[in-house]
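According to TrEMBL, the features are:
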TRANSMEM  A:19-37  transmembrane segment
DOMAIN    A:122-315  domain 'Peptidase M48'
TRANSMEM  A:202-221  transmembrane segment
TRANSMEM  A:318-338  transmembrane segment
TRANSMEM  A:358-377  transmembrane segment
TRANSMEM  A:389-408  transmembrane segment
TRANSMEM  A:428-449  transmembrane segment
TRANSMEM  A:511-528  transmembrane segment
TRANSMEM  A:540-558  transmembrane segment
TRANSMEM  A:570-592  transmembrane segment
TRANSMEM  A:601-619  transmembrane segment
TRANSMEM  A:639-660  transmembrane segment
TRANSMEM  A:667-686  transmembrane segment
Amino acid sequence: MTAGDDRQRGVLSPTGARYVLLIVTLTLAGAFAGQVIHNLVLGPSWAAAVLKCAGRGAALFPDSAFDRALYVSRCTGPVQRREAEVSLVGSAAVLLFGLAGLWVLPRRLLRRAGPLKAVPARWQELADRVAAEMGVRRPPRLVWGAAPVREAFVLGRGGRSRVVLPRGIRLLPEAEAEAIVRHEVGHLAAGDTVLVWLTRGLWWALPPVLLAAPLVAAVQGWRLPETSPLRMLSHPFWAEYGARALILLVVAALVTQLIMRSREHEADLAAVRGQSVALWESLLGGAQPAGRRSWLDRARANHPTHDRRLAVLRAPLTLLRPSLLDTLVVGLLAAVLLDSMDGLGNLALSGTSWSSAPVGALSAGLFLAVGWGVAVWRDTQARGGANSGALRWLHPALGMSAGAGLLVRLQSTGTTASGPMRGWPLLIVLPLAVMGAASLGAAFARLWSSRLGAECIDFRDQLAVVTVNALLFGGALWLAMDFCTMLKVAFAEPVLYAVLLTGPYSASSGTRAVGLAAVAVTALWAALRRARPLDSHWLPALGMAGAVVASAVTRLGYRPSAMPRDWTATWQLDVLTALCAGAVCAVTLVACRGSDGLGPALYAAPAASVLTATVLWAARFGSWRHPFDVWATVLVEGSLSGLVVVVVALAAPAGLLPAWGAGRRTVTGGAAAVAALAAIAAVVALEHFGDAVLLR
Amino acid sequence: MPVPGPGGWAAVESLGRAVFAVLDTDSRADYAEWFEEFREDPQGVVKPALTPAVGSGVTVTSALLYVLPVAAWLVKVVAEGLAGQAVDTLSQTVRAKIGRLLEDRRGGAAPALDPDEEQVALAALAAWARSVGADAEQAGTVARAVIAVLRAGGAG
């Protein structure tokens, strides 16, 4: 038996994604420490500036809350940016310490492993040969470690890489010794030898940076006459800060262990590529202390057990499959990242017309794309285009862990009572948005993976998957944040208006429409390039056709007298009709195919909306002064922006459904009829009761 | 780690070579190179094993790693009267017999250890091997190999 091919390297491998996850989280924790230090040292001048601006704003704009808020935002911009800069100094400190660790820690290990001694030529020739086989351009230099070295390890990269071998390796059978050398060169092939030390450096850098804030508080307590260090630190803020810092460190330790074990699996897989697994069975099948180890030992272990390593070598899919622990950690850290970036963005963009929501959402979206979306796609790819059965149950776990991340984040210290950013509803909305995006990501993975096997993964695939997942997750998070912001505005019907202002009437409708269009075009391309049964193409086509024809005909042909006839109402109802067509198409596909309908819905629903909008636009072509502008910036933009909300909301529960109806002609044939009937009902309802959803 | 005096190294080399011959049936190890490395840094074997966090997770271990430390200890015990908890179980008679067995290669007819004496020596050798890091199985293997060498007529 030989191991399967698995050519994922760098940050897009399961381990690489976890590295990114940890590095970003640790770095952002430094930002919060910097923010606390800013508040301790520069807080008084910040507060004075804000109060001054608020007073001026009230004097200048006594009657307009909007103008007053705008003025205060611009006026406080410099002090807010200063806070952001000091926060970033905290991140920079963590990074600098981490980089110092990258330099110091390997050297310290080498010193402990020494004195080192050059290996005989035949060992170096072995390394050269193995490196050439694995595609490592510059083979590592092999050296013997001193007597205490019992495990081989690799350091450095490129021409400076070195593999330190235990001298006892000479006592092993030749094939087993080669297996160990292959494993070490496998780390070089996987490209993780620098990342692992950077991660360890950051891990060691974080505690002193987190301790800096209470230290500054203690110094202030000592310097200021009216207080003392003990009094300063006895404030409940510091107890909460300590507890949250502890949680962060535990999570970071957990991720570090995941990384360390995952990198061993990846190096094993790289080493065994094209080789017989039997050799590794001989090497790893010997005495293994795992059975005697306590659960604490196993939890702390940097290496997987030999049994687990063999299991992964025999079935590499088990490594690709996202585990529950992966899910919980990714969700939690994504929420921490979202909040941190939102907070930093809020400070840095203060006084500008830019919103911080997309900054946080897209950062966390990219992070989820790499940490989760790529893992799901790799797993789906290896399964020939099918998601694993357990995946749909991991989506709620991902959402809930993101919700938990909003609660435990370090940045919440001292503001627990006011809830997460954008209020308590985000605790419900954010998990649902993450669930929806995860379900759509899994559906896209099925579309993109079916034709090609796991051996055909290239840069274009990776780019497409990361981009689409980043758009899905980033878009969903952005929607959730905007929705919760709108909920805070005192409308008569807050939920309805929050949906409308997040969807079709959003100020960011253009960006959202472009994002959905990009996802739709990529999904359509993925669907068309696949060798699939013809009925798979007919189903979305018929569903879309039914929804488009029925919506447009009903909208143009049915005019109840109660409906307002002004142009504002006309274009808004046209937008909502196009939105209805897309929504009906998506629901029809899910009804016909269960969770498998989400993939076709990614392209068919937007296409239905655009076609419907185009038909309605063409019917009124002569009425518009700038018809082409209207088509693009009003009808298509509004309907697609609204459709984003519908698709994400639909995907959250639909992703939990099993797949059904594949290959049934009756289902395919009925799709058009179901879509048409549903569209007629929806548009008639809109014509009768749509006045409530018009923006006046 | 007790280090033999200048004269003792020859006995260690001789005993170690014979024990290697018993255990290393495939002749994988270059004994001369192995012995030189041990002689350069005999204390290295008693340092705690270095298991780096970034290591391969496969601990390279073999009973052969403990042959020379055990041989060096035995020579030190016999030739230089080393004292210690593990050593004290070896009576002067047993030490003398082992000393003569180690010199047997020079042509003397050394008296063999009786079964009880072998058991005592075996336990002491294994205990020392354990103390320098061997697991129970490796310690027993090395101790039995040393006894086999002594039984077969010393180190020669």
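From the backbone N, Cα and C atoms, a Cβ is placed for every residue, glycine too.
Small disclaimer: the values here were computed from a predicted structure and weren't measured.
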Same-chain residues near the transmembrane segment (A:570-592), Cβ under 8 Å, at least 6 residues beyond its ends: 503-504, 539-540, 543-544, 546-548, 550-552, 554-555, 563, 598, 600-601, 604-613, 616-617, 620, 630, 634-636, 638-640, 642-643, 646-647, 650, 654, 657, 661, 667-668, 670-671, 674-675, 678-679, 682-683, 686-687, 690, 693-695
In contact by Cβ distance (the transmembrane segment (A:540-558), the transmembrane segment (A:318-338); 3 or more pairs under 8 Å): no
Closest-packing stretch to the transmembrane segment (A:639-660), where packing means Cβ pairs under 8 Å, from A:202-221, A:389-408, A:428-449, A:511-528: A:428-449
Surrounding residues of the transmembrane segment (A:19-37) on its own chain - C-beta under 8 Å, 6+ positions past either end: 11, 83, 86-95, 98, 192, 195-196, 198-199, 202-203, 205-206, 209-210, 212-213, 216, 241, 245, 248, 251-252, 255-256, 259, 329-330, 333, 336-337, 340-341, 343-344, 367, 370-371, 410-411, 413
Averaged pLDDT, computed only over the residues in the domain 'Peptidase M48' (A:122-315): 82
